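Have a look at the structure below before the remarks.
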Amino acid sequence: MKVGISKEEVEVEEQPLSPMARVFQSPEVDYCAVTIMGFKTTFCPDVLLDALRHNVSKHPRFSTKLSEDGAKWIEVQVNVEDHVVIPNIDPEEIGEDGQGFVDDYISSLTTIPLDRSRPLWDMHILNVKTSDAEAVGVIRSHHSLGDGMSLISLMLACTHKTSDPDNTAIPSLKRRQAVPHGLRKQGWFLRSIFTFSSTMRLIWNTFVDMLLLLATILFLEDTKTPLKGGADVGRNPTRFYRRTISLDDIKLIKNVMNMTINDVLLGVTQAALSRHLNRIYGKKNEEEGVLTSNQNHLPSKLRFRAGCTVNLRSDIGFKPLEDMMAKNSRCRWGNYFSFIVLPLSISLQTDPLVYLKISKSTMARKKHSYHAALVYFIIKIILKVFGAKAAAAIFNRPVVNLTTCVSNVIGPMDEISFRGHPIAYIAPSNYGQSQALLVHYMSYAGKMIISLAVDPTVIPDPQKICDDMEESLKDMKAALLERGLL
């Protein structure tokens, strides 16, 4: 059945791409976002097609294609059936390994480029039963359409709370106060001293961060480890893995340690990757006949860094989709993000809380810097002066020289449904980067979902990283219990 919508282009309006969207159009930075959703019921494709027919034209980025030079968006009429794929699946061929079939299918998508003659997105419906879902949906979109916050906002606009169909599930989020609450009650002299000292540290931190970024662009590369990819990794098939951990446990640790959820997640990431690398190096030493009673097999002076995405919007909370699309919105749609470089402490600690203390200190230091805003500004200037190719090269060089990338997106606190189809999990990720490991976190319905994107030729056992993350969180909670802090 075909929808009665013409495929003929209607060039009503041409809109220029944002600076970061231009960067993502370069062959060196050809990134795609993937959102994997598990549904609690078998999915009816007609429901999705009907929703798209009525709503896709309301969203400019999902009803526009790129101009030939990749500099503007051109509005077109969309045949939604060209963007929805429902493969014929033989249950006997799948057998009991539904998850394996889904993983293979999604991995195969990373080798198939999006069709640039039409809007850069598609959706895939797999009515395959897995261990935690009755069906799986995959949304694939080019990163130039929008960043993680934009895509999650779109998803929230299309869904509703399962328990209250008339209510959407838009989580609120506020920035922390920059000035400590206790200092507000002090006199003007102490506040002036604090402001001056804070400004000096801000300038110094920014200078050091930009100097290190320049070194990373030119020559400073992370230590070659079993998790380090290379320039050609982005061309290889990517596989996606996920694990669900307790959001309540993360919040407990956050409150006791007086830190943020991002601090806890960074601590868990450091602890898990330290475990994983230590096990790999220990096995390598055993195979080479190097015997030692020391349980620490990690090399000394290991340089291991992560790129961490930073939302640059002045209003970081989620807003209704129409507000994000409005002109001069404080929380606008698009790619309004930058990144910072986080040095990870890859070491074997006897006290798991040490990882948390290190992550808290690292994040506090990085927050007190204009690194992210300056990177966005510099890329914007280079784009105007030297063009998209030069801007993409500046953006991509640090990515190649860093080991991994970490991001966290807040999601709905309640279970949501899409037109009567309850969603069991949401796992956002990306592919196309020159890194063998990407780590994405997303909270959803009282859970924290870890989503890994890996190059299987570099990391053949990513499930063990998920195991290490789960065990690291348990160890941190156990350490607090032993000290009577919980």
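Positions of Cβ are set from backbone N, Cα and C atoms, glycine also.
Owing to the predicted nature of the structure, the values given are computational and were not obtained by experimental measurement.
Per TrEMBL, domain 'O-acyltransferase WSD1-like N-terminal' is recorded for 65-264. As annotated by TrEMBL, domain 'O-acyltransferase WSD1 C-terminal' applies to 333-477. Per TrEMBL, the feature transmembrane segment maps to 202-220, 333-350, 370-387.
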Query raised in the report: Under an 8 Å Cβ to Cβ limit, what residues of the same chain, 6 or more beyond the ends of the transmembrane segment (370-387), are close to it?
Result: 19-20, 22-23, 202, 205-206, 209-210, 213, 310, 312, 337-341, 394-395
Query raised in the report: By DSSP, what is the split of the domain 'O-acyltransferase WSD1 C-terminal' (333-477) into helix, strand and coil residues?
Result: 61 helix, 43 strand, 41 coil
Query raised in the report: What residues in the same chain, six or more past the boundaries of the transmembrane segment (333-350), come closer than 8 Å to it by Cβ-Cβ distance?
Result: 18, 20-21, 24, 61, 143-144, 146-150, 153, 209, 212-213, 216, 266, 269-271, 273-275, 277-278, 295-296, 298, 302-313, 321, 324-325, 358, 362-363, 366, 369, 371-373, 375-376, 398, 402-403, 405-406
Query - Confidence summary (mean pLDDT) of the domain 'O-acyltransferase WSD1-like N-terminal' (65-264) - result: 86
